[in-house]
Amino acid sequence: MAPLLSVQSLQVRYGPIEAVLGIDFEIKEGEIVAFLGANGAGKSSTLNALVGLVPVASGTVTFNGSDITDWPPETLAPAGMTLSPEGRHVFGTLSVSENLLMGAYSIKDKDAVNDAWERVYTLFPILHERRDQFAGTLSGGQQQMLAVGRALMSNPRLLLLDEPSLGLAPKIVGQIFDLISLLREQGVTLALVEQNVSMALNIADRGYVLSSGKIVAAGSASELSQSDALQSAYLGGE
Amino acid sequence: MDLFLQQTVNAFALGGTYALLALGLAVVFSIMGLINFAHGELMTIAGYVLMYCGLAGLPFLLSVPLAISASMVAAVLMERIAFRPVRNSSGATMLVTSFAVAMILQVLFQNLISTRSQPVLLPQLLSDSVTIGGLVIGVNKIAAIVSTLVMLVVLDRFMKHQKTGIAMRAAAEDFGVARLMGIRANTVIAGAFALSGLLAGVAAVLWVSQRASVDPLMGFMPVLKAFIAAILGGLGSLRGAVAGGFLLGFIEIYLAAFLPHEFQEFREPIGLGIVVLVLLFRPNGLIPSAALKAIKV
Ligand SMILES: Nc1ncnc2c1ncn2[C@@H]1O[C@H](COP(=O)(O)OP(=O)(O)O)[C@@H](O)[C@H]1O
Ligand SMILES: [Mg+2]
C-alpha cells in the first residue's frame with residue numbers, strides 16, 4: 001500500500017537561511033511517526049512546509065495520492081491533513097467554541113460538524129465547560145487542548161502535532177500523550193514533533209532524527225532509543 | 001447648556017461618520033496590514049453615483065443603495081486589480097499602491113467628470129429640522145446618528161454570529177493559522193474590502209447629506225481624519241476605530257464651538273495636539289488591537 005504521505009528531497013529556505021536541506025520520509029496510514037532533534041534542527045519548518053505555511057523551496061510532497069507540494073494552506077484541511085502549530089496559536093480573542101467552529105470551517109455538512117463538536121467535547125470536557133470563554137484566558141494546558149481539539153474539528157486523516165507538550169506541567173504532558181494514543185485508536189495517523197524524546201519514542205511506531213536540516217537517523221522507535229545518533233543530535237553534533 | 005447639547009448632537013453625527021470610515025480602514029488593516037488611502041475615493045465614487053442618480057431623477061431612497069453598492073463593488077475591484085498582486089509585499093509597498101490608486105481615481109474624476117465641485121440633489125426633508133426637548137436638530141444629523149448606530153449594530157452582529165464574520169476576526173488575529181483551518185485568504189480579504197466599501201458608501205451618503213456637493217478630492221480629508229481616528233483608537237482594532245472616530249468628532253466639534261475666537265485659527269493643530277497627548281499616554285491607542293501581542297507562526 002502506498003504511504004499516506006511521502007516526501008522527496010524537501011528543502012525549506014528563509015532567504016539565505018537553509019532550514020531544511022533535502023529530506024525524504026514517509027508516513028503510512030495508522031502510524032505515529034516522531035520527528036526528533038535539537039532546537040533549530042528544522043522540524044517545525046518541515047511540518048509548516050507540508051501544510052503550505054512556509055513555501056517549499058524544492059522537492060515534492062505527496063498526500064493521499066495527490067501532489068500537494070504547492071497547495072495553499074486553506075486547501076489541506078479539506079483534503080484531510082492539518083497541523084496543530086508549535087506555540088498553540090489559538091485565536092485568543094475568539095471564544096473556545098468559536099475557535100472550534102473555525103477548526104471545522106471547511107466542513108459544509110451540519111451533521112458532520114455536530115459530530116466533530118461531540119467528539120472534541122467528549123475528549124476534552126474542560127473545553128465544553130469553558131466554551132464561552134475567550135481562548136486567551138485559558139491556561140497553557142487548556143490552550144494546548146484547544147489547539148489539538150480545533151485541529152481535530154476538521155476530521156483529519158493525518159494530524160501533525162508540533163511540540164504539543166511544550167511548556168506544560170508534567171501531569172498535563174501525561175494527559176496529552178494519553179490523548180495521542182486515544183487518537184491512534186480512533187484511526188488518526190499522527191506526525192509528532194517532540195522535545196520529550198523518551199515519551200515520544202514510547203508512543204511512536206517509527207521516528208526520524210533531524211540535525212541541521214538533515215535526517216541523520218531513521219528507524220523503529222526501539223531502534224532509535226538505542227542509537228547514538230539521537231544523543232549526538234541533541235548534543236548538537238552531526 | 002442648549003448650545004452644549006446642540007454641539008453634542010453635531011459631535012455624534014460627525015464622530016459617527018469618522019467612526020464608520022475608521023472602521024472601514026481598520027477592517028482591511030486588521031486582515032492584511034494595508035492602510036488603504038484610496039478608501040476616500042470609494043466615498044467619492046458613492047458621492048458621484050448619488051449626483052448622477054439625482055440628475056437622472058431617481059428617488060433618493062433608490063439612489064442611496066445604488067451609491068452604497070457602487071462603493072462596495074469598487075472596493076472589491078480595487079482589491080482584485082490593485083492590491084492582490086502586492087498582497088505579500090511589505091506594508092510600505094501596499095501603502096504606496098494605495099496612494100497610487102487614490103491618485104489615479106482622482107485624476108479620472110477630474111478628467112471624466114469635472115475638476116469643480118458638483119451639486120447633489122437631496123430631498124428637502126434632509127435640510128428640515130425637528131425640535132426635540134427644546135433642541136433644534138437637523139434631520140440630516142438625526143439620519144447620520146441613526147445610520148451610524150444601525151451600521152455598528154449590524155457589523156457587530158455579523159462579526160459575532162456569522163461564520164464569515166468570525167473567520168474575519170480569526171484571520172485578523174492570525175492569518176496563517178486561519179488559513180490552516182481552511183479559511184480561504186481570497187474570501188476573507190474580498191469580504192474585508194466589501195465591508196470597507198459598504199462602510200465608505202454609508203459614510204459618503206452621510207457626508208454628502210451635510211454638504212449637498214461632491215468634488216474629485218471629496219474623500220481625502222474625511223479619510224485622513226479617519227486614519228487619525230483609527231490610530232487614536234488603536235490601529236487594527238475595530239472597537240478602537242469606533243471609539244477613535246467618535247472621540248475625534250467630539251474634539252473637532254467642541255473646539256470649533258467653544259475655543260475662543262483668537263484661537264480658532266489654531267483649531268486643527270490644537271485638535272491634533274490633543275490626539276498626540278492621548279497617544280502619549282496610550283501609545284497603542286484607546287483600545288489596542290489584540291493582534292499586536294500575537295506571535296507569528
Ligand atoms: N520564519 C523564519 N525566518 C527565518 N529563519 C527561520 C524562521 N523559522 C525558522 N528559522 C530558522 O530555520 C531553522 C530551523 O528552525 P525550525 O524549523 O523552527 O527548527 P525546530 O522546529 O527543529 O526547532 C533555524 O535555524 C531557525 O532559526
Ligand atoms: Mg519547532
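All residue numbers here begin at 1 and follow the chain in the order shown.
Using N, Cα and C of the backbone, Cβ positions are placed for all residues, glycine too.
Some features that TrEMBL has for this protein:
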- B:12-37: transmembrane segment (TRANSMEM)
- B:49-78: transmembrane segment (TRANSMEM)
- B:90-109: transmembrane segment (TRANSMEM)
- B:129-155: transmembrane segment (TRANSMEM)
- B:188-210: transmembrane segment (TRANSMEM)
- B:216-235: transmembrane segment (TRANSMEM)
- B:242-259: transmembrane segment (TRANSMEM)
- B:271-292: transmembrane segment (TRANSMEM)
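If you look at the transmembrane segment (B:129-155), the same-chain residues 6 or more away from its ends with a CB under 8 A from one of its CBs are 2, 5-6, 9-10, 12-13, 16-17, 19-20, 23, 195, 199, 202, 205-206, 209-210, 238, 242. Contact between the transmembrane segment (B:271-292) and the transmembrane segment (B:90-109) is not supported: fewer than 3 Cβ pairs lie under 8 Å, counting only residues 6 or more apart in sequence. Count of Cβ pairs under 8 Å against the transmembrane segment (B:242-259): among B:12-37, B:90-109, B:216-235, the largest is for B:12-37.
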